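Taken from Swiss-Prot, the feature [4Fe-4S] cluster binding site covers Cys559, Cys568, and the record attributes it to sequence analysis. What Swiss-Prot records for His654 is chlorophyll a B1 binding site, and it gives sequence analysis as the kind of evidence. Summarising the annotation, Swiss-Prot assigns chlorophyll a B3 binding site to Met662, Tyr670 and lists sequence analysis as the type of evidence. Residues or ranges marked as phylloquinone binding site by Swiss-Prot on the basis of sequence analysis: Trp671. If you look up Swiss-Prot, you'll see 46-69, 135-158, 175-199, 273-291, 330-353, 369-395, 417-439, 517-535, 575-596, 643-665, 707-727 marked as transmembrane segment, on the strength of sequence analysis.
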Amino acid sequence: MALRFPRFSQGLAQDPTTRRIWFGIATAHDFESHDDITEERLYQNIFASHFGQLAIIFLWTSGNLFHVAWQGNFESWVQDPLHVRPIAHAIWDPHFGQPAVEAFTRGGALGPVNIAYSGVYQWWYTIGLRTNEDLYTGALFLLFLSAISLIAGWLHLQPKWKPSVSWFKNAESRLNHHLSGLFGVSSLAWTGHLVHVAIPASRGESVRWNNFLDVLPHPQGLGPLFTGQWNLYAQNPDSSSHLFGTAEGAGTAILTLLGGFHPQTQSLWLTDIAHHHLAIAFIFLVAGHMYRTNFGIGHSMKDLLDAHIPPGGRLGRGHKGLYDTINNSLHFQLGLALASLGVITSLVAQHMYSLPAYAFIAQDFTTQAALYTHHQYIAGFIMTGAFAHGAILVIRDYNPEQNEDNVLARMLDHKEAIISHLSWASLFLGFHTLGLYVHNDVMLAFGTPEKQILIEPIFAQWIQSAHGKTSYGFDVLLSSTSGPAFNAGRSIWLPGWLNAVNENSNSLFLTIGPGDFLVHHAIALGLHTTTLILVKGALDARGSKLMPDKKDFGYSFPCDGPGRGGTCDISAWDAFYLAVFWMLNTIGWVTFYWHWKHITLWQGNVSQFNESSTYLMGWLRDYLWLNSSQLINGYNPFGMNSLSVWAWMFLFGHLVWATGFMFLISWRGYWQELIETLAWAHERTPLANLIRWRDKPVALSIVQARLVGLAHFSVGYIFTYAAFLIASTSGKFG
């Protein structure tokens, strides 16, 4: 009995039903609930697993490099980045007939291949890689790092190398090491790589291990650094006629503030990027020396937080008690980390397309669309996870005595006001936005488009103008050519910025109108409603008017019977579950908006977006239906084409998505009866009755069925849109 899964829970291991398997999987990572767990073992297990995570990441990235070097066309892509399609890897599929082989043999390959829409070619090219040998070297190095990480993980599980709890809770040392060591030193090292390898490569000079000690990154070497004439490093930048990867039109500057984009590659100037990383390195190296460790100087986090008591008295005891609450709660720390990471991931999505850092990536439209969508979805899952762990913190780790009258306690005390205000904002946004869309729909349907309600986003246009966009005619700040801000800026900073903002061939400050105004508010509705559900779930996790003792039931309970006026669907888990649907819905609107706006921009028919995006039928007909034609046409009487795989994935995604509803809209009794019937039939059928269950089959619990349904819904939803996005974009701009 002792060796049955799950080893971490004797109670579950002895369960005679299939519940043993499902609950075992569900609680495998909930270390806190495992048998014989101590605080020390909890911290040590998590710490060791981080090394495993790093090993997987290094192995994965190593695999990317290896497969491109082995099966890709990196060297021929480097010769002509705009016209050669980058190959991710070869496809070996015994089912392929001749038409399929022909359809997927692309990019100069000898057999069927996958095209890379991840941007890795552009990235590797920008940072100075040029040959397959470079890629193999990188793959081997990352494989080595992966092995080192695995060894480190194993090592930190050995008794002699297990860190103590006090080491894990030493906040100041961890801050110093992460700020200086992780961010500071790595940013400085990256600046070094850009200056010593990437910038010379962009000027046609190859710097490798055999010559990097002989090649000066700047004609004057370290002279200007030691004499304080740092401005010399910014003089003689690459000219606007510079051909990337060659010496033609190249300069000698290494750290600049040019602003705008390299005219040929449409990406940020590499010398600007190096300068940025140097500044980041400086800030973080300083920040990593601010906290008090063994030397008795610097800040103590506890003293800092305890001193944060606003004098007006309107925030009570301010941050008193927060240090211990955060430092003793892994869920609090994880929640904060996920919230920050989620926001950063969304910012990455926004900045990768508007300020592209990699050479030629802005002209690879499918990659731009794929990267934006990918990062927004990742951000959504990470952000909802932040609230999930926030709710678990409130249930498991929050101590009311420790936090009396501080900001955390006051949040919980006036939660009704927070929830009702969020609710009001969501209702207001929803009804007004839908009202405008539907009104416009009706006007179009009745043939009177001039009666639409079209609102210009004047405040957003004013902000764009203040930053230098002249087309709206606001004549304010940087868009006012006679103003002091404009004149001062010409000589000091970012001369290329104003050109970039006012050029229509990039995605920086796109021209916006009534369609943007409407979809902006639709997205605002989605964001506020998602937030409402998540915030309510966390704030009510310990108890609500209906169920004051909710915290005793844990994070994910389905119901507490029929009493109390109905206690089903009110656990913190239920809030998370509902919020994920809203999150997916919202990101759907975000990505639809981004994609349609950009397709019309790239095709040169922005008027289609401007005219059709002001009413719902326009979105359904001119975006979704019009752009799914390639997918619906993936297989036709003329045989297959290179979009067929996406057509199949589009169908398959819908299937997975629809399967989710089977778990989401059903009664447990039905499933139990179905399972009993299947088991009965199996046991009475020759051959099938040779296989016997050791566990009695039981239906999934309510919470489990919802999780399975949600997983199918999410995966199907994202698969379907990914296929739509890639096929419709690559079909137009192949």
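Any Cβ shown, glycine's included, is placed from N, Cα and C.
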What is the separation, in Å, between the Cα atoms of Trp671 (phylloquinone binding site) and Met662 (chlorophyll a B3 binding site)?
10
Of all the binding-site residues given, namely His654, Met662, Tyr670, which is spatially nearest to Cys559 ([4Fe-4S] cluster binding site) at the Cα level?
Tyr670
Which chain-mates of His654 (chlorophyll a B1 binding site) that are at least 6 residues away have a CB under 8 A from its CB, listed by sequence?
Gly716, Thr720
Hey, does the transmembrane segment (175-199) touch the transmembrane segment (273-291), meaning at least 3 C-beta pairs closer than 8 angstroms, sequence gap 6 or more?
yes
Count of other CB atoms lying within 10 Å of the CB belonging to Cys568 ([4Fe-4S] cluster binding site):
13
Return the count of C-beta atoms lying within 10 angstroms of the C-beta of Trp671 (phylloquinone binding site), excluding that atom itself.
17
Interface-richest range of 330-353, 517-535, 575-596 toward the transmembrane segment (707-727), CB pairs under 8 Å:
575-596
Could you give the Cα-Cα distance between Tyr670 (chlorophyll a B3 binding site) and Cys568 ([4Fe-4S] cluster binding site), in whole Å?
19
So if I measure Cβ to Cβ from Met662 (chlorophyll a B3 binding site) and keep only same-chain residues at least 6 apart in sequence, which ones fall under 8 Å?
Gly709
With H, G and I counted as helix, E and B as strand and the rest as coil, say where DSSP puts Cys559 ([4Fe-4S] cluster binding site).
coil
Around Tyr670 (chlorophyll a B3 binding site), how many other C-beta atoms are within 10 angstroms of its C-beta?
10
Outside the transmembrane segment (135-158), six or more residues from its ends: residues with CB under 8 Å to it:
44, 47-52, 54-56, 58-59, 61-63, 65-66, 68-69, 74, 124, 129
Please indicate, using numbers and ranges, the residues of the same chain that are 6 or more beyond the transmembrane segment (175-199) and have a C-beta under 8 Å from a C-beta there.
126-128, 207, 212, 215, 217-218, 254-255, 270-271, 273-274, 277-278, 280-281, 284-285, 287-291, 293, 301
If you draw a 10 Å sphere around the Cβ of Cys559 ([4Fe-4S] cluster binding site), how many other Cβ atoms fall inside it, taking every protein chain shown into account?
15
Three-state secondary structure of His654 (chlorophyll a B1 binding site) from DSSP?
helix
